[in-house]
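Here's the structure we're looking at; comments come further down.
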Amino acid sequence: MVNCAGEVNCAGDLAPLLGANATGAADYICNMFRDASYAVDNTYLLFSAYLVFSMQLGFAMLCAGSVRAKNTMNIMLTNVLDAATGGLFYYLFGFAFAFGSPSNGFIGRHNFALGSTPSCSFDYSNFLYHWAFAIAAAGITSGSIAERTQFVAYLIYSSFLTAVSSISPAPALLFMSLEASPVYGVHLLRDRGSAGSIIRVDPGSFNKISIIYPSGEKYYGQWSAVGRTAVTTTLAGCTAALTTLFGKRILTGHWNVTDVCNGLLGGFAAITSGCSVVEPWAAIICGFVAALVLIGCNKLAEKVKFDDPLEAAQLHGGCGAWGVLFTGLFASEKYVREVYSTRPAHYGLLVGGRWRLVAAQVVQILVRYRFYILDS
C-alpha cells in the first residue's frame with residue numbers, strides 16, 4: 001500500500017510481529033513515524049531555505065564594496081527589494097510556472113498564488129525553498145548591472161525575473177545530465193537575466209535523508225551524501241580562492257580581496273553541478289581549474305571591453321560551464337548509483353566511465369547558452 005507521498009506503508013511488515021490487534025498497532029506505529037518524517041522533512045527544507053536566503057547578505061556586501069560610495073545605499077536597496085518583489089511575484093506566478101502540473105513539459109499552467117498548496121506533491125516549505133533560490137538569482141543580476149540602470153527600471157526587471165524564471169530550456173535534450181546540473185541555470189543568469197531552471201532543483205534527497213544505502217553499513221546512508229556535498233563544496237571554494245589569490249598576485253604583483261572573494265564564488269559555482277557525486281579530491285581539482293577559468297575569462301573580458309563591474313558573467317557563466325563539464329569527467333559510479341538509484345548509472349569519463357555523460361553535459365551547456373542568449 002502506498003500513501004500520498006509515494007512511500008510504502010510499513011504496516012504490512014510490522015503486523016506479523018505484533019500478535020493480537022496487529023493491524024491497529026502497526027498502523028498506529030507507522031503513522032507516528034510518518035508524521036515525524038514529514039516534520040523532519042519540512043524542518044530541513046525550511047532550514048535550507050534560511051541558509052540560501054542568507055546569501056542575500058553576502059550579495060549585498062559584495063555589491064556595496066564594489067561600487068562607488070555614493071551608490072552604496074542604492075545597491076543595498078535593490079538587494080532588499082529583490083527579496084520583497086521576488087516573494088510576491090514568485091508567489092503569484094513563478095512557483096506555478098515551475099511546478100504547476102499538469103503542464104506541457106516546458107512551463108506550468110496551474111497552482112498560481114499557491115492555489116493547490118499544500119498537496120501530496122508540495123507543501124509551503126517547498127515554495128519557500130525555491131523562492132530563496134529565485135531571489136538569489138535576482139541578486140546576482142543586480143550586481144552585474146550595478147550603477148548601470150535606473151532604480152524604477154530595475155524594480156520592474158526584478159519583478160519580471162522572478163515571475164518567469166522557471167522556464168526550462170529544451171528538457172528533452174537534457175535527459176542524460178545529472179539532476180544536480182540544473183542548478184547551473186542560476187550561473188547563466190547574467191547572460192539571460194533569468195533564473196533558468198534553478199528553481200526546478202529537486203529537494204527529493206531531503207525527503208529521503210534517513211534512508212540507509214545498500215552497503216551493509218548502518219552508519220552509511222543519504223545523510224552521508226549530504227555531508228559529502230558540504231565537504232566537496234567547501235574544498236572547491238577554498239582551493240579556488242587560494243589559486244585565484246596567488247594567480248592574480250603573479251599577474252598583477254599585488255594582493256586583492258575582491259579577487260579572492262570572486263575566486264571563492266567561482267569554486268562554489270563550479271562544484272554545484274556534481275557536489276554530491278564526486279570524491280573530495282576531485283573537488284580540489286574542480287576548484288583549481290575554476291580559478292584558472294575565472295582568470296582567463298576576466299582577461300578575455302578586458303580584451304573585448306566587456307562591461308561587468310562584478311565579473312558576474314565570467315564567474316557564473318565561465319566557472320558554471322566548467323562545473324557541468326567537470327561532472328561529466330569526475331562523477332563517481334558509486335555515488336551516482338546511490339544518489340540517482342532510479343536512473344541508469346552514467347558516470348565520469350576520467351574515473352572509468354564512457355563519453356555518454358560528458359556528451360550530455362556538453363549538450364546541456366550549449367543548449368542553455370543558446371536559450372539564455374536568444375532570450376536575453
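Quick reminder: no glycine exception, Cβ is built from N, Cα and C everywhere.
Feature list (source: TrEMBL):
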type	residues	note
DOMAIN	44-165	domain 'Ammonium transporter AmtB-like'
DOMAIN	224-368	domain 'Ammonium transporter AmtB-like'
TRANSMEM	44-67	transmembrane segment
TRANSMEM	88-107	transmembrane segment
TRANSMEM	127-146	transmembrane segment
TRANSMEM	153-178	transmembrane segment
TRANSMEM	281-301	transmembrane segment
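Secondary structure of the domain 'Ammonium transporter AmtB-like' (224-368) per DSSP (helix as H, G, I; strand as E, B; remaining residues coil): 111 helix, 0 strand, 34 coil. Spatially, the transmembrane segment (44-67) is not adjacent to the transmembrane segment (281-301); fewer than three Cβ-Cβ distances between them are under 8 Å for residues at least 6 apart in sequence. The predicted model assigns the domain 'Ammonium transporter AmtB-like' (224-368) a mean pLDDT of 87.
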